[in-house]
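For reference, the structure I am asking about is given below.
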Protein chains: 2
Amino acid sequence: MEVKEALFMNRGEGENSYAQNSSFTQKVASMTMPVLENAVETLFSKDFHLLQALNVVDLGCATSPNTFTVISTIKRMMEKKCRELNCQTLELQVYLNDLPGNDFNTLFKGLLSKVVVGNKCEEVSCYVMGVPGSFHGRLFPRNSLRLVHSCYSAHWLSQAPKGLTSREGLALNRRKIYISKTSPLVVREAYLSQFHEDFTMFLNARSQEVVPNGCMVLILPGRQSSNPSSMESCFTWELLAIAIGELVSQGLIDEDKLDTFNVPSYFPSLEEVKDIVERDGSFTIDHMVGFELDTPQMQENDKWVRVEKLAKAVRAFTEPIISNQFGHEIMDKLYDKFTYIVVSDLEGKIPKTTSIVLVLSKIIG
Amino acid sequence: MEVKEALFMNRGEGENSYAQNSSFTQKVASMTMPVLENAVETLFSKDFHLLQALNVVDLGCATSPNTFTVISTIKRMMEKKCRELNCQTLELQVYLNDLPGNDFNTLFKGLLSKVVVGNKCEEVSCYVMGVPGSFHGRLFPRNSLRLVHSCYSAHWLSQAPKGLTSREGLALNRRKIYISKTSPLVVREAYLSQFHEDFTMFLNARSQEVVPNGCMVLILPGRQSSNPSSMESCFTWELLAIAIGELVSQGLIDEDKLDTFNVPSYFPSLEEVKDIVERDGSFTIDHMVGFELDTPQMQENDKWVRVEKLAKAVRAFTEPIISNQFGHEIMDKLYDKFTYIVVSDLEGKIPKTTSIVLVLSKIIG
């Protein structure tokens, strides 16, 4: 499986689409908005009067309304600064990036109905472009970005961790699709190693694209615990693996397909992220914090309603990569099974999710 | 009808898609390739050693392989220059623009299979982005483009010409959808006036976006004749109007729908284009020429095969806007009727099409 081709959020604007089922990342984005506002303030305080245009990218933007909130926030901050500094029209160039499989048609359609694009007699003229490609490699010319934003994207890996089959060709993470309590140590090591490699490539590419003093605001799902198999970070994949396992027992999915599949995603700890940034050495850490958040579905009192909504949200971001491995025809059954397990085994209790917020500045020289 | 929403080339990669039916514009693009090569040469001869990256846009790129040929041509020229000047890696940033209704998903899919994107150890690293929006307005920050390319796009109007109903509310271009021999003078005037307004907006927007000394290579369909109702420029719309008229006679289309519809497209003469550029005054004309070309279908000996292929090509670029007015359900019948008329009335003779090639330089200061 080529991750570049199989990894995207559910397309379109229908019932199962990511566009309709991304309330959690929207909640995260609104919680972290002050951090983004502060980053724009800081850019202005440095040398913004020198600029013709502020070039910003949202990496892994998907098709969620989230990315429009990000654009609006930056634009609003620029308008405020524009008034404070009594300057002429400023220009904002926003790049929206995701893998080529992302539904850019839906993204652009939503964009033009929600964001004022062009120079429509406003203080800040806003120009938006879509950039298809992997953020693990270069996407932009040298020194062409001043601000990088990414929310719930940088945890996706460029490939499933390597080395998860034995010399004899046996799967080492049987019956699981991510790190689990029962996974052997080699699985944890392989995941951390792949994340280390990928996040280093991410930082390396950005270090060439971001101007000195430029800023990155990265928000990624992670964990407070040093244990990578804690429920806080494994919940979704653990429960999906159990659901897939039951379909294997029913003869609906080939066991081998489950045993050989490992999700290209990793929820790091704060220390792991800090370690990689420091080893890379191109950026300084201005701010780093982890915070816990309930999923929005927890507001529902009825456990069935709650978990059905959760299953829709999970489906919106997991279905393309899961169906690529296990087949489209089994998806309805799989997410029904997922719902049933969360309700019956966990009584509808959904653990909090930890987010890591990271503000980095590009080192000069 | 909002032209911005209804105007796009047939989506996807299927039988009727523009991606599969754009051999004519591909022929035009390959004929005009030397002009584009020369434009890149000239840019280098001016001040390219100062640049970090060459920023290029292809306006109205649609989903045709055409736009990949354009990128490859520019890249190849840069590689040549890179060797001649013995310089380090150069960077090419290509923007692909079209209206938001364009199928960017198909465009990006084709792109990544045909163009080497990113910095893959080549002499020229190439970064490609999609820009949804109308080229009649601003799309980019000030001074952010060095080279503008547009092939068979700038003839599309931002709206149908105004003033084509009488004070009493009667349609003035009855039974026609474009300028025709039987159209009253007011129709010709309205079309020229709308093209004048739109092409002036086009030049005005570009004059802000293109750096001084920057270059535009524009190729648009036009006419050698001073008469705007000559078959050379009216063929497609005239024949479609006759076909629609027959479906009206059969009671399959409401007459009023035909009478009130005018296509937002204009095939200008060389003099008209020259006049608008000179009045605008932001660009000098470095090169301007018109040339005639047979459609690729003329190679077919059998007139039915020839015209059926022509009808497919015509359908690929006219169907979305035509079906928006007359309904999707009638489209198969309409293009069959079109085929029948061209074969029976014209014996399958397809007139040559005139293309206008225009190379403009942005005036300094």
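Even glycines carry a Cβ here, placed using N, Cα and C.
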Can you pick which of B:TYR18, B:TYR127, B:TYR178 Swiss-Prot lists for the same S-adenosyl-L-homocysteine site as B:CYS61, B:ASN66, B:ASP98, B:LEU99, B:SER134, B:PHE135?
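The record-listed residue among the candidates is B:TYR18.
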Please identify which of B:ASN102, B:ASN105, B:ASN143, B:ASN173 is recorded by Swiss-Prot as part of the Mg(2+) site containing B:ASP259, B:PHE261, B:ASN262.
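When Swiss-Prot describes the Mg(2+) site, the candidate it includes is B:ASN173.
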For the caffeine site that Swiss-Prot describes with B:THR25, B:TYR152, B:HIS155, B:TRP156, which of these is also annotated: B:PHE291, B:PHE317, B:PHE326?
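The candidate from B:PHE291, B:PHE317, B:PHE326 that Swiss-Prot ties to caffeine along with B:THR25, B:TYR152, B:HIS155, B:TRP156 is B:PHE317.
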Fewest other Cβ atoms within 10 Å: which of the recorded positions B:HIS149, B:HIS155, B:HIS328 wins that one? Let me know.
B:HIS328
Looking only at DSSP and grouping its letters into three states, which state does B:TYR152 (caffeine binding site) belong to?
coil
Given B:PHE135 (S-adenosyl-L-homocysteine binding site) and B:TRP156 (caffeine binding site), what distance in Å do their CA atoms have, once rounded to a whole number?
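The Cα atom of B:PHE135 (S-adenosyl-L-homocysteine binding site) is 10 Å away from the Cα atom of B:TRP156 (caffeine binding site).
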Within 8 Å of the centroid of the Cβ atoms of B:THR25, B:TYR152, B:HIS155, B:TRP156, B:PHE317, which other residues of that chain place their own Cβ, given that this set defines the recorded caffeine site?
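Near the caffeine site, the remaining chain residues are B:GLY60, B:CYS151, B:SER153, B:LEU220, B:PRO221, B:SER265.
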Sorted by position, what residues of the same chain at least six away from B:LEU99 (S-adenosyl-L-homocysteine binding site) have a C-beta under 8 A from it?
B:LYS4, B:LEU7, B:PHE8, B:PRO132, B:GLY133, B:SER134
Which entry in the list of recorded positions, B:CYS61, B:ALA313, has its Cβ near the fewest other Cβ atoms, using 10 Å as the limit?
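Sparsest of the recorded positions B:CYS61, B:ALA313 by Cβ contacts within 10 Å: B:ALA313.
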